[in-house]
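In TrEMBL this protein carries:
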{"type": "DOMAIN", "residues": "12-310", "note": "domain 'Amidohydrolase-related'"}
{"type": "BINDING", "residues": "His14, His16, Lys100, Asp248", "note": "Zn(2+) 1 binding site"}
{"type": "BINDING", "residues": "His16, Leu17, Arg18, Asn42, His137, Leu220, His252, Ala264", "note": "substrate binding site"}
{"type": "BINDING", "residues": "Lys100, His137, His175", "note": "Zn(2+) 2 binding site"}
{"type": "MOD_RES", "residues": "Lys100", "note": "N6-carboxylysine"}
{"type": "ACT_SITE", "residues": "Asp248", "note": "active site"}
Amino acid sequence: MTERLTIRRPDDWHVHLRDGAMLETVARYTARQFGRAIVMPNLAPPVTSVEAATAYRERILAALPEGSDFTPLMTCYLTDRADGGNIVDGYRQGVFAACKLYPANATTNSAAGVTDIRNLYPVLEAMQAAGMPLLIHGEVTSRDIDIFDREAVFIERTLSGLVRDFPALKVVLEHITTADAADFVTAQGPNVAATITPHHLHINRNALFEGGLRPHAYCLPVAKRERHRLAVRRAATSGSPKFFLGTDSAPHTHEAKESACGCAGIFNAPYALESYAMAFEEDGVLDRLEGFASEHGPRFYGLPLNEGTVTLERVETSVPDRVADDRLVPFHAGQTLPWRFVG
Ligand code: NCD
Ligand code: ZN
């Protein structure tokens, strides 16, 4: 049995670092395990301009522990009024690494999201020409569509048309949760990829109701049936360069989660790599973790691979019920994981 696993330093291609006090609290967890991260722009108000992204990047850098060399990669939140010229300038200047598309009201802080993808066609045209990636929260929001079907219906109603109309646009379908998404991405060319979270490798929708209502298992897109979890897991562990690590770590205080209307989001940053390693090992492909965590993402984004390495050792690790001065409940709270991140 492998006792120590050393891989090239990984990156997180989808994370919520928040702002203010929460940013101060959570930045260290992501910076400890990852070299870079694609930082989501769903602040209130959202990050929609080069100026806002530059200022937010400075706040993230200021929140990092002394001596950290973590690099935040900034994203632009698309609205119906997004200006393609401006956005692509921001990409060429190296401020934006990508744009994020939230269908209006799909998730936390997405009220300013896009109401009709057709409003974005000029922006997408400019992004396609510049090679700038489009990151998609792939869920329809109509109340008549069952919440467990929203990803599959988004693929059918929106995404298939989008990849047909923009065949060269770099697209990342974020945090996939269904066999439909895994199959769709697999069937596209190399310019269409997907991120996969640790929680969607481990939990199915039963986790939301195990012995009672479980707010800490609630995120969006919501976990699906077991057959979907298995399909997502096969995609992650397949070795295909189309699938890469994106934690979707999304902290909310425990009070905001344990409420009559609990927020969506799972905070997995503290034990993210341990969680992925556990899944890859259970499937007998620990040797594929490095590609998924450290190589496929940068290659898709056209960025260099990280230089350093990180090591995990086989030491049983108890995940505490709370972290960050008892304010946050981490994913796997109360469980024992077989790996420990050493650094
Ligand atoms: C995210 C958040 O809280 O910002 N929540 C979540 O459940 N993943 C938003 C998102 O990525 O949908
Ligand atoms: Zn997210």
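Just so it is clear, glycine is given a Cβ too, placed from its N, Cα and C backbone atoms.
Taking the features listed in TrEMBL, we show where each one sits on the structure.
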residue	record	Cβ neighbours (10 Å)
His14	Zn(2+) 1 binding site	26
Leu17	substrate binding site	26
Arg18	substrate binding site	23
Asn42	substrate binding site	22
Lys100	Zn(2+) 1 binding site	26
His137	substrate binding site	25
His175	Zn(2+) 2 binding site	26
Leu220	substrate binding site	22
Asp248	Zn(2+) 1 binding site	25
His252	substrate binding site	26
- Query: Cβ-Cβ under 8 Å from Ala264 (substrate binding site), same chain, 6 or more residues apart: which ones?
  - Reply: Thr107, Thr108, Tyr218, Cys219, Leu220, Val222, Ala250
- Item | Residue among binding-site residues Leu17, Arg18, Asn42, His175 with Cα closest to the Cα of Asp248 (Zn(2+) 1 binding site) | His175
- Message: Among all protein chains shown, how many Cβ atoms are found within 10 Å of the Cβ of His16 (Zn(2+) 1 binding site), not counting that one?
- Response: 25
- Quick one: Cα separation, His252 (substrate binding site) versus His16 (Zn(2+) 1 binding site), in Å? 10
- Considering only the binding-site residues His14, Leu17, Arg18, Lys100, which possess a Cβ situated under 6 angstroms from at least one atom of ligand 1? none
- Task: Calculate the distance in Å between the alpha carbons (Cα) of His175 (Zn(2+) 2 binding site) and Asn42 (substrate binding site), and round it to a whole number.
- Result: 15
- Message: Please report the three-state DSSP label of Ala264 (substrate binding site).
- Response: coil
- Task: Going by DSSP, give the three-state secondary structure for His137 (substrate binding site).
- Result: coil
- Query: Which of the three DSSP states, helix, strand or coil, fits Leu17 (substrate binding site)?
  - Reply: coil
